[in-house]
Amino acid sequence: MTVEIILIIIVFAIIGGVMYLNLEQDKAKDVEKNEDKVYIEDKKIKNKTMMQYFEWYYPNDGSLWNKVKEHSKKLSKKGITALWLPPAYKGVGGINDVGYGAYDLYDLGEFDQKGTIRTKYGTKEQYLDAINEAHNNNIEVYADTVFNHKAGADESECVKAQLVDSNNRNNIIGEEKEIRSFTVFNFSGRNDKYSSYKWNAKDFDGVDFDDLTKQNGIFKFVGKEWEQDVDDENGNFDFLMCADLDIDSRDVVEELKTWGKWYINECKLDGFRLDAIKHIKFDFFAEWLNDIRSKKGDNVFAVGEYWSGDINKLKYYISKSQNVMSLFDVPLHYKFFEASNLEENFDMRTLTQNTLLDYDEKISVTFVDNHDTEPGQALESWVKPWFKLIAYTFILTRQEGYPCIFYGDYYGVPEKGFEGFKNQLDMILNIRKDYAYGDQCDYFDDKNIIGWTRQGDLMHDNSGVAVLISNGNNGSKKMSMGSKNISTTFIDITGNIQEEILIDNEGNGIFKVNNKSYSIWIKK
């Protein structure tokens, strides 16, 4: 082979190598761009929205868990990121128990107890399938947790007790006597599976019925004291109903901690809704949640139900419980309830005053109604239908708080002749999911019409929204959408206002709303 040919081969090899290297570098850049794109997509901040997926009058046909499984994909697409599911364990009422008459916390619809294997909502297998499908659709699941009391004891037993004044539980009005209390829980249908712990009078501090005399009343066990750091309503509001758990007992606390770790592992839960916390020793859940989080991580979510419209009571609880959970914003619910009843006489500028949203937005779970506030229920304070969508517009389009929509408001409450607002809520949920981002500017400057704008951000295409709500006459308000929206046309996605709005050279628009209504403006 001549020297010339060898040189030609070497030159072509060098050229080919350079071309190959450039090609690989281009490919690497493309991959890097794609990876950046995926990274940005994954890191998009998405608005969180919880849904309470049950209502008090839901049929006792065992269908709810299957419905969760069937609807998870649709709910995720609408922007639901978490479901609060009802108590999943066996209650004293069997298939008729909503879940708050808690009998056996380990029976999730698996054992023949209280006349049934399944609960009101289905079997354990269906429950686990529902949770799994929710997770497959990027929806977290929060389990309702009832620790205040137990109901439906397997046997009664003799115990010494004293009757107390129901209006002041610190006042003993009866002599010490022997009663028969329903406090023996053997769970024979479960036969020690998961736990061999048996409950009896040592685990409780009082009951509301004497089976010996068939007398109703609040009986405090001799040698026991009500927990001291609880709500002070009725003198001491430790006792609520049935057989009241003695949270001063270390045996009880340790058993509840054992159950909590079993439950979250068994069902792969993401968090808890904690029932009736005003009746439970205020520092208990700090210990209970910290124990679970030490095993499962700090991201285990918890929201407590402290039912009081007094923000000072909520603030005190937050302090005493070491700020370990969010709370439902009950004061805000009562604002909605009051506004719906007073109509134009309610001052909308005061909507967030003395609410948890105003005190600490990071731990406020906002809601309009729930299973307890429904017509005919213990805490009935049903927000009138004319105001519901105004209230939902408020909690779903603002940046503060963690909103929770109610199954009954979404699907309706047939038992009470209420059809629900599914279509309208789907629209507002879509606004929250895709548009309600960016800096917020409030316009709480009128007694009857208030508004706010979200100016959008770079991570959500076409994001930005302007909102007006009115509890009185129709009207308009000049609001800023920022310089980046100059010369942009906005439309009311609700269809309540047909006119289009053009943002002026200063970034402002004059937005309108009808009387006792709401308008939500997005880019055309």
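Cβ atoms here come from the backbone N, Cα and C positions, even for glycine.
Any TrEMBL annotation is an automated prediction that lacks curation.
Since we're looking at a predicted model, the values are computed, not measured.
As recorded in TrEMBL, the features of this protein are as follows:
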type     : residues               : note
TRANSMEM : 6-23                   : transmembrane segment
DOMAIN   : 48-445                 : domain 'Glycosyl hydrolase family 13 catalytic'
BINDING  : N148, D238, D244, H279 : Ca(2+) 1 binding site
BINDING  : D205, D246             : Ca(2+) 2 binding site
ACT_SITE : D275                   : active site, nucleophile
ACT_SITE : E305                   : active site, proton donor
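Annotated features, which come from TrEMBL, shown on the structure.
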{"residue": "N148", "record": "Ca(2+) 1 binding site", "Cβ within 10 Å": "23"}
{"residue": "D205", "record": "Ca(2+) 2 binding site", "Cβ within 10 Å": "25"}
{"residue": "D238", "record": "Ca(2+) 1 binding site", "Cβ within 10 Å": "27"}
{"residue": "D244", "record": "Ca(2+) 1 binding site", "Cβ within 10 Å": "27"}
{"residue": "D246", "record": "Ca(2+) 2 binding site", "Cβ within 10 Å": "23"}
{"residue": "D275", "record": "active site, nucleophile", "Cβ within 10 Å": "22"}
{"residue": "H279", "record": "Ca(2+) 1 binding site", "Cβ within 10 Å": "25"}
{"residue": "E305", "record": "active site, proton donor", "Cβ within 10 Å": "18"}
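Secondary structure at D244 (Ca(2+) 1 binding site), as computed by DSSP, is strand. Considering only the recorded positions N148, D238, D246, E305, the residue whose Cα is spatially closest to the Cα of the residue listed as 'active site, nucleophile' is E305. Taken residue by residue with DSSP, D205 (Ca(2+) 2 binding site) is part of a strand. In this structure, the C-alpha atom of N148 (Ca(2+) 1 binding site) lies 9 angstrom from that of D246 (Ca(2+) 2 binding site). With respect to their backbone Cα atoms, D244 (Ca(2+) 1 binding site) and E305 (active site, proton donor) stand 17 Å from each other. Between the C-alpha atoms of D238 (Ca(2+) 1 binding site) and D205 (Ca(2+) 2 binding site), the distance comes to 9 Å.
In the three-state DSSP assignment, the secondary structure recorded for D275 (active site, nucleophile) is coil.
For the pair H279 (Ca(2+) 1 binding site) and the residue listed as 'active site, proton donor', the C-alpha distance works out to 10 angstrom.
Surrounding the centroid of the Cβ atoms of N148, D238, D244, H279, where the record places Ca(2+) 1, the chain contributes additional residues within 8 Å, namely H149, E227, V230, F237, F239, L240, L245, I247, A276, I280.
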